[in-house]
């Protein structure tokens, strides 16, 4: 009898080792040593062994990269270290690199004759940012960036990506979070779309959208069939691992652990060298096997990075230097009017589809009637389309060719195309707005979606399709009516089974406990963004004081000017708006209130720094943060010697351990409430 038959455990271990090695050679190093057929043979042999001996099947086996069960949904993941974005240099010429170098030297107060700084230069991948969490070298979680603080758990799909190692080499650190980009190579994208066309399915518009959609698939077996790639470029939470002193050294160290790192990275000295890197990559951009939308520069030395620090949550030591947006010409087939959440009527160009900036564009914004007139655009013209900011397509002008027939200028409608209400233009404004308010179905839909958003009332499961059914079916006409929805009414809608309906009802109930800032933001008041809502909540402390404040009192709030103050006053002067607010409160929507800064009373937590970890019994994290900040305290994302209190709930993680190690006071929700009293 052979050794293989005598010791299946040893053979299975050998096969796993071989498969991991060859997968790394193929997917990471792009230097395979065996043909595909041989890799498939080894894979099949391991599958057979594990089927015959189920006890040999391990979570990190190459055969377990597909998780067949369809998940109910993606759960939220709170990032231990926020996934912050970096600043974008708006000067897309090589001189943008010189501006960054000058800004860094100025921030470091370097004299003109000081030696040039060393920078790490790399590509800016056009994909989806991902955080990989390894514990003792084993992949335990993958999460999207989300809003920077909270992302989505996508371990089930990211685990199918062959270039993402499930086990790192030679590392036993308790925690190592690796950050990078998931993307789809152009040849993989073309092959995927070809398969979609052959199957009569919808094709993807660009590799980035394909990658994002695949990562967020609930069924991991679908992700397995749609190949993605990954490049590492940074770190998140790190415990028990010595981080190299330079960024270039970090990337080399990550590569040594078995993580894929792009080969185009380099280290240069001075701004001129950065500009040369920008120009060089631009020249070969179209020949790259994947899409990029720029390059990234980072000060190489970590000590200098720490010295430079952050500005408005963006590192001073890094910048994304983009390339000019791509432009194409196409025919303007027509103009339609889109009605926004606040009633704004926006002319939208209906275009002959054109591929521009990596996307097939058939609609583009025309902004307003004045822009239409200024650019001299009329239906039937050949126009120039650009993806503004590589995201929002816009018509930037017309190709100056003679028209063969008279075409009149486009005129904005005098009535809303959705509800027929009068369209009005405020004095001093270029925009026409529907006067129908929530009578207008288009505004109702957008108002409901805004109200339910993650940073507003956070009603999970209330998306576009469902809102469309609720409004078009006459089920919902006002915001408070959301809280009267029951399972019986929901199950009658398309794609709403008993479980989905019950989940939405539960989400509606959970959303009733909120914060004043979130509630103000959710109302969709013109000019009131998230930051202004927080400032109002902090200043006044109670909704009634906000609603009753005069323009003069509103102007006392940080960053509130005459336009914002008048917008607030106008909103709350409308009886129907106050009625909506009262109906929402009657439905059970509530939040904690306080005396507010306006009273100039001493605040009990002034000067104190808190860190939140785990799940609190009755307070959501945002609600707790709001209360602490309203009482004068500060909420930080990580524990340090400067932390005064760590508020720990159920399933508190590494922050609790670090607090205990540093001797920082650890309290629960009850103790926090006692401090607030």
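The backbone N, Cα and C atoms fix where each Cβ goes, and this holds for glycine too.
Fair warning: this is a prediction, and the values are worked out from it, not measured in the lab.
Annotated features in Swiss-Prot:
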type     : residues                                            : note
ACT_SITE : 124                                                 : active site, N6-AMP-lysine intermediate
BINDING  : 36, 37, 38, 39, 40, 85, 86, 122, 145, 181, 298, 322 : NAD(+) binding site
BINDING  : 416, 419, 434, 440                                  : Zn(2+) binding site
DOMAIN   : 600-677                                             : domain 'BRCT'
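Sitting within 8 Å of the Cβ centre of 416, 419, 434, 440, and not among those site residues for Zn(2+), are the Cβ atoms of 339, 343, 415, 417, 418, 420, 421, 423, 435, 436, 439, 441, 442, 443. On a Cα basis, residue 124 (active site, N6-AMP-lysine intermediate) lies 11 Å away from residue 86 (NAD(+) binding site).
In this structure, residue 419 (Zn(2+) binding site) belongs to neither helix nor strand by DSSP; it is coil. Counting other C-beta atoms within 10 Å of each candidate's C-beta, the binding-site residues 419, 434 are led by 434. With respect to residue 440 (Zn(2+) binding site), the closest of these recorded positions in Cα terms is 145, chosen from 124, 145, 298.
Close to residue 145 (NAD(+) binding site) in the fold, though at least 6 residues off in sequence, lie 83, 128, 129, 130, 131, 151, each with a CB less than 8 Å from its CB.
Note on the domain 'BRCT' (600-677): DSSP counts are 27 helix, 17 strand, 34 coil. The shortest Cα-Cα distance from residue 298 (NAD(+) binding site) to any of the recorded positions (124, 416, 419, 434) is found for 124. Within its own chain, residue 416 (Zn(2+) binding site) has 339, 343, 345, 422, 423, 434, 435, 436, 440, 442 as residues 6 or more apart in sequence whose C-beta sits under 8 angstroms from its own. Ranked by Cβ neighbours within 10 A across all protein chains shown, the binding-site residues 86, 440 are led by 440.
Every protein chain considered, the tally of other Cβ atoms within 10 Å of the Cβ of residue 124 (active site, N6-AMP-lysine intermediate) stands at 20. The Cβ of residue 298 (NAD(+) binding site) has 22 neighbouring Cβ atoms from other residues within 10 Å, across all protein chains displayed.
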